[in-house]
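Student: One structure coming up, written as structure tokens, with questions to follow.
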Amino acid sequence: MTAPKPVVLCILDGWGLRAEREANAVALANTPTFDRLMATCPNATLITHGPDVGLPRGQMGNSEVGHTNIGAGRVVAMDLGAIDLAIEEGTFARNPALCDFIAKVKAKGGTAHLMGVVSDGGVHGHIQHLIAAVEVIAASGVPVVIHAITDGRDVAPTSAGGFVQQLAEALPAGASIGTVIGRYWAMDRDKRWDRVKRASDAMLHGQGERAADAVAAVAAALARGETDEFIAPTVIGSYTGAMDGDGFFCLNFRADRAREILAGLAQPGFDAYDTGRRPDWSGFLGMVDYSTEHDRFMTTAYPKQVIRNTLGEWVASHGLRQFRIAETEKYPHVTFFLNGGKEVPEAGEDRYMANSPKVATYDLKPEMSAPDVSDHLVQAIGEGYDLIVVNYANPDMVGHTGDLRAAMAACEEVDRGLGRAVEAVRQAGGAMIVTADHGNCETMIDPETGGPHTAHTTNPVPVILVGGPAGARLRAGRLADLAPTLLELMGLPQPEEMTGRSLIEA
């Protein structure tokens, strides 16, 4: 048969499946298009967590992991598991980049500043990585100051007190906590530089709220009505800021939410906001690569692996045209992560980024920029592209707020866009796969605490085939199977590096 054109991959970010309707935004929302597709089109479910996406068993997936696996067409071993194993086996302490960092700081008589996520969420960082790094550096005789980034998003919203207590009790002699900062301030990815400045002012200059210790900082924030994600940058004890000769080590192993704060702390020529005088760092280390720009002023403990013949690269190598579209919050995922960590577009790859709305939290505007995404998606479907990849951010980003009604509104807005896309694909004679990278908004109440659930889930996600071959069925699978499925629809062979299997069964 003639290959359909275009073939569209529509990713409903954070749209999981759960049988129970209670606090299930996906089930409770009015989504006539999604419901019709599930009732009339071939569909199945995908696994998005644990070893099926290269993570430790039981570890929930996330957008970076999901899009990396989708684009690779194979299970990609993720940094969380690799770092866990290095710590367990003792090779972390001998990591060449870490040893070089310690030597440089020691030679200058400086202090090592460690910034990391203080939770066991495992999406951007992990408290055990932070503790392990403190132990290694302190054992070398270098003083350590920790910049504790509280989570409340990939874990329960008010769990930071316990994690901070755990960290404080694990600290060896010569190590202390210098600041406590909610990730809202320190881990922005949408150029909200007013937030980032507040975080860097605390780390660089000791400016912000004050507290005697880290546990007291969390308690004071809660008394101010701030849950963990939003804890105002707080300076602990006698901490006064960073000095010339100090070193800085960022322990985040996911790039997107580390880039801005690191640029503010050390990027030469940085001018997005007034940083004040920055120290002459003796060493500036990252757990992973954050971008080619960051590589110019940072060293890396665990450089990224090269993923050859991703979906985008393979499609480009056959002289075909492709289009990527998302709003700001998920734009890196349909470009950088889907392309295996490559910044530069492939030949014939066009992109569009809709600007995410400038609101404090997305429950205030649950439609986000989905209408703009939908407009450009429908336009692209009619423009002769061979492959289109689109991400709707709403179910995930609004799901993270814990607001059920807003999450329902988010799903309804996405469903409207999905309806427009389905009709455009039908008119163009194309085909579409509708799926998600992980779950989120299908669970809005924590079953253990009864409070808001703001994290991702390990629930299965849907995969639906629209406009596929007559009589086709879909089997259950995992995210790595999506690229081979798209290639089959496009009539392209599968590169040998892709070990995923097409989900289409005749």
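Cβ coordinates are placed from backbone N, Cα and C, and glycine is handled just like the others.
When I checked Swiss-Prot for this same protein, it listed these features:
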- Ser63: active site, phosphoserine intermediate (ACT_SITE)
- Asp13, Ser63, Asp437, His438: Mn(2+) 2 binding site (BINDING)
- His124, Arg153, Asp154, Arg183, Arg189, Arg254, Ala255, Asp256, Arg257, Lys330: substrate binding site (BINDING)
- Asp396, His400, His456: Mn(2+) 1 binding site (BINDING)
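Neighbours and distances for these, please.
Tutor: Sequence-distant contacts of Ser63 (active site, phosphoserine intermediate), defined by Cβ-Cβ distance under 8 angstroms and a gap of at least six in the same chain, are Asp13, Lys330, His333, Phe337, Asp396, Asp437, His438.
A sphere of 10 angstroms centred on the C-beta of His438 (Mn(2+) 2 binding site) encloses 26 other C-beta atoms.
Here His124 (substrate binding site) comes close to Val117, Asp154, Arg183, Met187, Asn252, Phe253, Arg254, Arg257, Ala258: these same-chain residues lie at least six apart in sequence, with C-beta atoms under 8 angstroms from its C-beta. Following the DSSP three-state reduction, the secondary structure of His124 (substrate binding site) is coil.
Take the CB of Asp396 (Mn(2+) 1 binding site) and look out to 10 A: across all protein chains shown you find 29 other CB atoms.
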Student: List every residue in the same chain as His400 (Mn(2+) 1 binding site), at least 6 positions away in sequence, whose Cβ is under 8 Å from its Cβ.
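Tutor: Within the chain, His400 (Mn(2+) 1 binding site) has Cβ neighbours under 8 Å at Gly14, Arg153, Tyr362, Asn440, Thr454, Ala455.
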Student: Express the distance between the Cα positions of His456 (Mn(2+) 1 binding site) and Arg189 (substrate binding site) as a whole number of Å.
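Tutor: His456 (Mn(2+) 1 binding site) and Arg189 (substrate binding site) have their Cα atoms 18 Å apart.
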Student: Taking each of the binding-site residues Arg189, Arg257, His456 in turn and counting other Cβ atoms within 10 Å of its Cβ, which one has the fewest?
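Tutor: The binding-site residues Arg189, Arg257, His456 were compared, and Arg189 has the fewest Cβ atoms within 10 Å.
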Student: For the binding-site residues Asp154, Asp437, which Cβ has the most other Cβ atoms within 10 Å, all shown protein chains included?
Tutor: Asp437
Student: Counting only residues 6+ away in sequence within the same chain, which have a CB under 8 Å from the CB of Ala255 (substrate binding site)?
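Tutor: Set apart from Ala255 (substrate binding site) by at least 6 residues yet with Cβ under 8 Å, we have Glu64, Val288, Asp289, Tyr290, Ser291, Pro332, Phe336.
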Student: In whole Å, could you give the widest CA to CA gap in the substrate site formed by His124, Arg153, Asp154, Arg183, Arg189, Arg254, Ala255, Asp256, Arg257, Lys330?
Tutor: 17
Student: Using a 10 Å cut-off, grab the number of neighbouring Cβ atoms around the Cβ of Asp13 (Mn(2+) 2 binding site), all chains included.
Tutor: 26
